[in-house]
Amino acid sequence: MTLALRLRAVTRQKWQTHIPRRTTRPFHTPSRQFQQQQQQQQQQQQHQEDNNSRSTHFGYETIAESEKEGRVRNVFSSVAASYDTMNDLMSFGIHRIWKDEFVRALKPGSLHSVDKGWNILDIAGGTGDIAFRMLDYATNVKNDSKTRVTISDINPDMLAEGRKRSLWTPYGGTERLSFLEANAENLESVASESVDLYTVAFGIRNFTNKQKALEEAFRVLKPGGVFACLEFSKVQNSLFNAIYKRWSFSMIPIMGQLVAADRDSYQYLVESIEKFPSQEEFKNMIELAGFIVPSQAYENLTGGIAAIHRGIKPLHKAQ
Ligand SMILES: C[S@@+](CC[C@H](N)C(=O)[O-])C[C@H]1O[C@@H](n2cnc3c(N)ncnc32)[C@H](O)[C@@H]1O
């Protein structure tokens, strides 16, 4: 190679290695904000597609997950006005004894007047049955007039019934009682570690993603806070179970038809009870969400027609 040619090659090499790195965005590249928005939209679309393709139960029917929330909403909007009457008829009034026992077992409220009282979140609180009992217990048994309850429910019609009923109690319109319309699977307006006691009575079997709701319960509870659930469960004695099933499947939809002019909603209610996990399975789900379950993990009521489950959020994070 001649000297001139070698010089030219070396110069080209140097020039190439000294090309400055591009530091500015090329004119046609979308901004980061735009890219993020596109990514979010794609994720939301993906989530919606996943929901559409994943299936779940609606009673005995198998439906897309995305459909369940709306179908459950329709059921409770339809039964809201007759909800209390139907509960009394279907259970011969026994649901009142179960609810009393649930609240008595939890002993809500502070014993010391210097305390701020408990912050209780009653999920799927509907018409307020549990909330009013807890406020009565705190006030009358613990002499605590500071404990407060938020009744949260996904259904505005059920909340409206609760609001109406609260006016017949000493708590309606006071700061001890508030209402929140929210899905238990996403309680974004409830701060993490802000709740002393989380209750859910006859609600969780209607949720689309029960495990997600348990994880939300874990998030919002303070360390040491208590998760408590009252739900229909599995009857332990086979003879009693056969009688109970025959009665509920034949009579409850008919009562729904006669009293609420709505057979389908009550058919769903009995089927949803049947589909709910057993006591042991539900205990495992509570543990999976991170709760410590007491040695007596659950209490069966009326032979297991219903059961009370409890879990405690550990004081220290698991390693
Ligand atoms: C059978 S009622 C129970 C009402 C009340 N806790 C009681 O014991 O009488 C079930 C309630 O769960 C509510 N619910 C269903 N799905 C929900 C969800 N994903 N998040 C919050 N509430 C829900 C319904 O709107 C309804 O008010």
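Just so you know, the numbers here start at 1 and follow the chain as drawn.
Keep in mind that glycine also has a Cβ here, set from the backbone N, Cα and C atoms.
Feature annotation from TrEMBL assigns S-adenosyl-L-methionine binding site to T127, D153, N183, A184. Summarising the annotation, TrEMBL assigns compositional bias 'Low complexity' to 33-46. According to TrEMBL, the feature region 'Disordered' maps to 14-54.
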Field: Recorded S-adenosyl-L-methionine site residues T127, D153, N183, A184, farthest C-alpha pair in Å
entry: 16
Query: Of all the binding-site residues here, T127, N183, which one's CB has the most other CB atoms within 10 A?
result: T127
